[in-house]
Amino acid sequence: MNRLGELWVLTTFGESHGAGIGCVLDGVPAGLRVDEEFLNLELSRRRPGQSLYSTPRKESDRVEILSGVMEGFTTGTPLAMFIPNENQKSSDYESIRSIFRPGHADFTYHYKYGLRDHRGGGRSSARETAARVAGGAVAKMFLKELGISIFSGVFQVGEHTSDVRDFAHARKSVVNALDPLMEELFKEEIEKARGAHDSIGGAIEVRAKGMPIGLGEPLYHKLDGALGGALMGLNAVKAVEIGEGLSAARLKGSENNDPLRLEGFKSNHAGGILGGISNGSELVARVYFKPTPSIFLPQETLNEEGDEVICALKGRHDPCVAIRGGVVCEALVALVLADMALLRLGNRLQDVKEFYGKGR
């Protein structure tokens, strides 16, 4: 499957070392103003090669809108976007053409499809996430019309974690650190891993502010279920928490429940979701990334002929994928919320009658 969503649908295409990466958005309402400057700004947040803490592969990541927009506004038809690949180095992968890289999708892709793209992993490369960010940027424009904003930051690198949530600082931080006092430590850990030809894991928190009540479907398309599915579909993500998440297992009901008052909920252990439906509180999710599997240390593995071999990778890779992962998580949350907002329409007969002029 290469698509996400029920009514607001994102379909992505392209490979890491192909002509480019792109997406098609279907279901975007007509009349939405498309801010191309914002679109490219979001892509620049994900763009590689901007610091010592990400892959040195340099891409301009300027998006070309192919269809679905006229005179700056969506037309209601499929919105197609394309991002050319400009800095591929496929020769870096020639020596491992038949070798399964440990921790990568090479082994599973090969046995599922009978072939695979050895050049940077093809569709399994994080390069594909540029298309998700492009689609998510349009979703953010739509959500802005509804008063919803989404933001994120890194709260953990390796064993070092922080409870501080300074999202304004994260937007200025080269490693997207939520805690100003932890920024240098995060940098040191990433530099240490890179210097040892290794990588390191990390975690981000993403929030949505201005949430309405009622987004999400009961049982089989819950908001938290949809968010978990979208976020777990992101490269290197190994766990997703909503609200208290794993910590809720250590609490009593009296500690975990959020008291409800006239002005709203007193706390937000639920992370903004009850019964799979948004409750109007801020949406809170945490996303945990494994260490980037592309490392330059010798590793034991197999080749396609079944021989045991030693693999030492070349190429250009992120030492900590969580650093650039935040903007992609924001995009996925935006896509899910945009879809849920459209699905929310028609939940009540009165709403349908009013839309068609029968409720008067």
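Numbers run from 1 along the shown chain.
Cβ coordinates are placed from backbone N, Cα and C, and glycine is handled just like the others.
According to Swiss-Prot, the protein has these features:
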type: BINDING; residues: ARG46; note: NADP(+) binding site
type: BINDING; residues: ARG123, SER124, SER125, ASN235, ALA236, GLY275, LYS290, PRO291, THR292, PRO293, SER294, ARG316; note: FMN binding site
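When the binding-site residues ARG46, ARG123 are scored by other C-beta atoms within 10 Å, ARG46 scores highest. Less than 8 angstroms from the CB of ALA236 (FMN binding site) sit ALA126, PHE289, LYS290, THR292, PRO293, VAL321, GLY325, each of them six or more residues away in the same chain. In this structure the C-alpha atoms belonging to SER125 (FMN binding site) and ARG46 (NADP(+) binding site) are separated by 14 Å. Note on THR292 (FMN binding site): other Cβ atoms within 10 Å of its Cβ, all shown chains, come to 24. In the three-state DSSP assignment, the secondary structure recorded for ARG123 (FMN binding site) is helix. In the three-state DSSP assignment, the secondary structure recorded for LYS290 (FMN binding site) is coil.
Here the binding-site residues are SER125, SER294, and the one ringed by the most other CB atoms within 10 angstroms is SER294. The Cβ neighbour count for LYS290 (FMN binding site), using a 10 Å radius over every protein chain in view, is 17. Geometry remark: ARG123 (FMN binding site) versus the residue listed as 'NADP(+) binding site', CA distance 17 Å.
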